[in-house]
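In what follows, a structure is listed as structure tokens, so that the remarks can point back to it.
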């Protein structure tokens, strides 16, 4: 097994202390509080809060239990873990392919940490900022309404190259999903032919069985921590009613009464919370009814979701952010999808499609609300989402978007994008990131630095840090929903940077825009020392070749201007 403490950075600062148990930093958290006066003026009050942030250095042995383990995403994740663990290679038409984790921000993206002696940007892999779970050490288990073992489930999914499937089939054939909860009222009727591996009994009996399964997995595998993640079929929305599920006590009573509106995904979430396991919802249904959120808060167990943000929606959250930020007014967004995998088959039913439509439609709301120069209080773009089931295209989802925007003097600009997404190969790395960052979040705490008696405080149970990976981010009550991909990514980077005593990335680069020789005798460098084997990161300055854009794409580019792009 590979070592789990893969952090290779040492920050040289009196504000950073490292011992066998924790990385602890003294951190000045700076924000601005805005007040509106009676005459409409905005008064901005900069604020600084002195904090201590500590991160546990011990990385636990992590177990991941997938609901829908035998589906496209579950079988692909299991296959990818095996292929990467064995560093497999296989032949394709275009040559030899090696197993990798492209599409994962923890495994295949880098983070800016500072500038070197030549003024060049230095990036390191995100996974090296803090001790994180190594994917090779993750143990997977789970449930599925289909009893196929994982080898046959992988073949049924038709996602991976056959040359790879043949190398790992025997290993995956030894893995078989536990029986799962099947309620035909919540998923499409066309899924009934798969349902040969189900938990019988009342909802309470199903809940108790899921709890037993989690305990059994923990004991048999010897894992220290378990995360449960829903990657099964999209359910219809459950009704939310007083007396049914608006409080934790109502929800528990409804479970005990076998109420028909307690969905399978909510039962899984309740069981996970009862066992102290982080629960992540990768589908768009309203698993997290108010009573479930309250239950997680009472038990202080993390929940996160909703719905993997992998393809069309991720592009939409970037493009609309760009347009609105550029002072261009999107007035119409039409999104069309067709796909042929089992997700598409399930979504061909109207109630299940409605769950997905809601998830995909709300992604631009916060960006529209950010610019009242473009939009009035109740104004927003026309936004329509269409999903169709076309069996022949399989997992190769086709997404077509048309963005119409108003520009200067009544002009219009139209952007049309065609996006072919291999659905499960985009979603699977997100699952990996969700469980790795979800586990890391359990080891991060902070407290008031000015009060020695102040308690250490963890993240709130609604883990909004994972919003970057979700179409419809779940946030704590009273918090603002952020869909802007740039802001979501910046939150992850800056929190990880704060955990090792580095300031937020500001992009001010004052040392490049002003003559610092008249200000200080010291070079304007972050004092960061790389220990062990240094990262293979080149710089770009004045026409030199470099890989300083945060990507390792195998090709060095020549800088042709002085702006670093």
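Note that Cβ sites are derived from N, Cα and C of the backbone, with glycine treated the same way.
What Swiss-Prot says about this protein:
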BINDING   70-73, 144, 180-181, 191, 194, 231-234, 282-283, 307, 310, 341-343, 356, 394-395, 423-424  NAD(+) binding site
MOD_RES   536  phosphoserine
REGION    546-565  region 'Disordered'
COMPBIAS  550-565  compositional bias 'Polar residues'
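This view paints the features noted in Swiss-Prot onto the structure.
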{"residue": "70", "record": "NAD(+) binding site", "DSSP class": "coil"}
{"residue": "144", "record": "NAD(+) binding site", "DSSP class": "coil"}
{"residue": "194", "record": "NAD(+) binding site", "DSSP class": "helix"}
{"residue": "234", "record": "NAD(+) binding site", "DSSP class": "coil"}
{"residue": "310", "record": "NAD(+) binding site", "DSSP class": "coil"}
{"residue": "424", "record": "NAD(+) binding site", "DSSP class": "helix"}
Cβ neighbours of residue 424 (NAD(+) binding site) where a neighbour is any other Cβ within 10 Å: 27
For residue 310 (NAD(+) binding site): intrachain residues, at least 6 apart, with Cβ closer than 8 Å: 421, 423, 426, 427, 430
Cβ-based isolation winner (fewest other Cβ atoms within 10 Å) among the binding-site residues 70, 194: 194
